[in-house]
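Encoded as structure tokens, the structure appears first; notes follow it.
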Amino acid sequence: MSEDLRDLVRREFEAAYGTEAAGIWSSPGRANLIGEHTDYNEGFVLPFGIDRRTFAAVGLRDDARIRVGSTFSDEIAEIALAELHPDAVSGWSAYPLGVVWALGRLGHADLQAVPGVDIMLESDVPVGAGLSSSAAIEGAVAFALDELWRLGLDRVELARVGRTAENDFVGAPTGIMDQMASLLGRDDAAVFIDCRTEEARAIDLRLAENDLTILVIDTQVEHQHASGGYRERRASCEAGAAALGVASLRDVTLADLERAREVLDDVTFRRVRHVVTENQRVLDTVAALAEDGPRAIGELLDASHRSMRDDFEISVPELDLAVETAQSSGAIGARMTGGGFGGSAIALVPRGLVSHVQVAVDGAFAEHGYAQPVTFMVTPSEGARRE
Ligand code: GAF
């Protein structure tokens, strides 16, 4: 499918702008193996890039304007580089334009001096499924502009650019996990990130060798990070850290939880407990993968889901049903992935049982009167690249 998208985005660029693109760059969506809502608490995460990508055909202009088109909409957004401002843009084009603005904001590019650009985007990362279609856009555009504007930024700096676009241009108070996963993904590996130091390293997953695959179950319940629940959870974590007298929840250990229970109200305590135990589960997963391989991480995935369901309260009935059905029909482990309040679950499944799990999940959703979920396998894949 990716080969076709490359051709398609090239043709669409030519049709829209009447000239050839200088090149095509791409970046993947992500799934998170484990470590949820820990990134903005300076904790640990273990996501991976998936084999669904956003492709950006990009060309330089000889003026100081920027145009962005995509299959997300018929409309082509156009603005002068100097006029880019968070209030000047809304809708999907805020993601690519936010990256351009963030490059200026962070001092990496002088938006008064760089040449304008035309961008065309194509993607097979599903939107609203919790697989970070937004980080895939940000990664592809940032990677392309780094090369075309000769900025010389490394992948972590480009991830920070994506986060700045997301936080300060789009207005979603997210952490850095998704951008890091999209920029730093590796084939058959997850990316272990310490979100305090922003250091990352690849952790081999060896899925095929262990006859395993990861099944995504997209519940079709759409989620949003700019609004409501996500923002509230982040605020609760910050309130918990302040009440405990620490800079962030990264500084709270499992042993501190006893005192936390005395100091905090019940809801804040449970939010804190999720983050603290989830950080430990990420470390345990990394250790289990190295020592015993991917078949050893099932219980950690299951425990992570329970913690998100009961303590952090970011699951929805469709996600719980997807997880429970996957678990009872042969998955080694399963959990919701991403910010929550909808989106997707992932299940670690022996290859021979994939159709069995898919049929079971479809059946369970039908029985509950839920819309039919979309299930598909994902392969941990390489991060941003020039095609
Ligand atoms: C979303 C955010 F964008 C990430 O930064 C992260 O907080 C995640 O939710 C939850 O782990 O994907």
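Residue positions begin at 1 at the first shown residue.
Using the three backbone atoms N, Cα and C, a Cβ is placed for every residue, glycine included.
Here's what TrEMBL has on this protein:
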DOMAIN    12-59  domain 'Galactokinase N-terminal'
SITE      R30  site 'Transition state stabilizer'
BINDING   E36, H37, T38, D39, Y230  substrate binding site
BINDING   S70, G128, A129, G130, L131, S132, S133, S134  ATP binding site
DOMAIN    98-185  domain 'GHMP kinase N-terminal'
BINDING   S134, E166  Mg(2+) binding site
ACT_SITE  D178  active site, proton acceptor
DOMAIN    287-361  domain 'GHMP kinase C-terminal'
For the domain 'GHMP kinase C-terminal' (287-361), the mean pLDDT of the predicted model: 98
For the recorded positions D39, D178, the one whose C-beta sees the most other C-beta atoms within 10 angstroms: D178
The domain 'GHMP kinase C-terminal' (287-361), counted residue by residue under DSSP: helix, strand, coil: 45 helix, 12 strand, 18 coil
All-chain count of other Cβ atoms within 10 Å of G128 (ATP binding site): 15
Secondary structure composition of the domain 'GHMP kinase N-terminal' (98-185) [DSSP: H/G/I, E/B, coil]: 48 helix, 7 strand, 33 coil
Distant-in-sequence Cβ neighbours of E166 (Mg(2+) binding site), under 8 Å, six or more positions away: Y95, G98, S134, A135, E138, A172, T174, Q179
DSSP-derived class (H/G/I helix, E/B strand, else coil) of E36 (substrate binding site): coil
Of the recorded positions listed as R30, E36, T38, D39, D178, the one whose CA lies nearest the CA of A129 (ATP binding site): R30
